[in-house]
């Protein structure tokens with residue numbers, strides 16, 4: 001006969017006692033049905049035992065009991081310290097095992113250490129990390145609405161955080177339902193409560209590196225796209241990207257998780273701001289003139305949270321707040337080697353296609369396509385990078401318009417009452433306004449977000465820099481097409497034609513964009 005050792009965790013019995021029963025060998029059975037089949041013939045024999053045996057009888061006859069593999073803890077040195085705490089000398093080799101408590105341990109000795117420290121009886125379930133047990137959520141109780149082919153779920157504003165299988169924390173279970181409906185995913189619930197932040201270290205020793213002449217450490221990374229999310233909240237192409245960033249910037253970014261970073265977006269309570277309807281039925285939101293910049297999910301900086309509410313009400317959009325503060329400016333370097341270029345009369349010429357795919361440069365100028373931006377850099381010897389695709393959107397520097405009185409007209413429009421005092425300011429669009437108040441009035445009337453570049457007239461603007469080589473009208477211009485849009489609404493075929501017009505206008509013409517008007 002073989003003794004069967006019962007490590008019990010429940011009941012009023014002594015938790016440190018092992019109860020030994022003479023039974024036939026009980027193999028490890030992973031499936032509930034098999035466990036029930038083995039337990040059944042033993043149940044009748046055990047019913048005649050003493051009272052404490054009934055605990056074992058109950059545990060055996062439950063089909064869902066966790067049968068684990070007992071770890072041989074005698075292999076590891078152990079003892080009790082001077083302070084009375086137990087210790088186990090565990091090796092530092094990483095051989096993850098999953099315990100019967102659902103926790104992953106670095107190796108089998110980790111289970112021994114845990115049991116000794118906590119007086120527990122955890123056993124090994126299987127080798128390797130514990131596999132998360134996903135819980136499918138019943139989304140039928142939540143109202144679903146289909147608009148323009150998109151399914152939206154109406155969720156209650158109840159904060160009961162749950163962790164999704166994508167390692168993202170949702171406000172409640174309905175949040176997972178809403179995300180799945182909106183993005184056509186199948187995310188399930190891992191557990192109640194917020195997701196635990198599991199930070200993984202990256203082994204950078206496997207990537208070759210070199211030190212440049214200026215003392216910078218450069219890491220040679222493979223061109224493999226396997227996105228990882230760093231602890232700084234940025235997504236890197238692969239783990240090596242984190243290594244390269246740390247070496248170059250002297251930082252200590254670790255890997256937060258595999259896959260792209262997902263940003264938790266705080267909700268804005270737009271009900272706190274007063275609204276009114278115009279005669280045309282449009283909803284207007286009255287916002288306080290407080291400058292607390294926030295970044296929207298559309299990549300645009302708003303004066304404050306109310307600005308997002310007003311934008312959504314006016315345009316029927318669903319922009320949310322990405323984060324407090326201005327949107328971060330990110331740039332993308334361009335590969336200009338793919339475009340043909342040569343030099344004529346000392347001027348670099350780039351052959352660009354007649355394709356309108358507007359891009360915004362880091363200099364705040366809109367270019368007709370990537371090639372036009374390359375041509376600009378070649379001609380002027382600059383290093384302008386691509387900020388983003390599409391036309392540039394003006395970000396708002398600090399401009400305090402709250403000191404100017406406003407009034408609301410009968411049609412619902414708000415206007416600013418400005419004095420006739422001439423105190424010119426230069427705006428971020430390169431235009432001179434009669435005063436700061438006039439600039440505020442322009443923003444309110446035109447729904448723009450122009451900022452103040454400086455006090456005084458715009459003297460050293462983009463146009464002056466762009467045409468600095470043209471002291472007089474050039475009699476000959478080349479025929480390449482690199483469109484320039486002037487403030488007069490005219491599209492000029494290239495820099496030469498635009499700058500000639502700039503000189504002829506007594507240098508009052510401004511460059512609006514490097515694209516067709």
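All positions are counted from 1 along the displayed chain.
Keep in mind that glycine also has a Cβ here, set from the backbone N, Cα and C atoms.
So that you can see what the record holds, here are the features copied from Swiss-Prot:
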DISULFID  73-112  disulfide bond
DISULFID  98-130  disulfide bond
DISULFID  155-174  disulfide bond
DISULFID  163-195  disulfide bond
DISULFID  270-309  disulfide bond
DISULFID  295-327  disulfide bond
DISULFID  336-374  disulfide bond
DISULFID  352-371  disulfide bond
DISULFID  360-392  disulfide bond
DISULFID  401-440  disulfide bond
DISULFID  467-499  disulfide bond
DISULFID  485-517  disulfide bond
DOMAIN    67-132  domain 'Kazal-like 1'
DOMAIN    264-329  domain 'Kazal-like 4'
DOMAIN    330-394  domain 'Kazal-like 5'
DOMAIN    395-460  domain 'Kazal-like 6'
Cα of residue 327 (disulfide bond) to Cα of residue 392 (disulfide bond): how many Å, rounded?
14
Are there 3 or more C-beta pairs under 8 Å linking the domain 'Kazal-like 1' (67-132) with the domain 'Kazal-like 4' (264-329), counting only pairs at least 6 apart in sequence?
no
Quick one: pull the CA-CA distance for residue 485 (disulfide bond) versus residue 73 (disulfide bond), whole Å only.
78
Determine the Cβ neighbour count for residue 195 (disulfide bond): the number of other Cβ atoms within 10 Å of its Cβ.
18
Using CB atoms and a 10 A radius, I'd like the single residue among the disulfide-bonded residues 73, 98, 174 with the highest neighbour count.
174
Per DSSP, what is the residue tally for the domain 'Kazal-like 6' (395-460) in helix, strand and coil?
11 helix, 15 strand, 40 coil
So, three-state DSSP: helix, strand or coil for residue 98 (disulfide bond)?
strand
Return the count of C-beta atoms lying within 10 angstroms of the C-beta of residue 352 (disulfide bond), excluding that atom itself.
23
Quick one: among the disulfide-bonded residues 336, 360, 401, 517, which has the most Cβ atoms sitting within 10 Å of its own Cβ?
360
So, in DSSP terms, is residue 374 (disulfide bond) helix, strand, or coil?
helix
To the nearest whole angstrom, what is the C-alpha distance linking residue 440 (disulfide bond) and residue 309 (disulfide bond)?
20
Using Cβ atoms only, which residues of the same chain lie under 8 Å from residue 130 (disulfide bond) while being at least 6 residues apart in sequence?
98, 99, 102, 103, 104
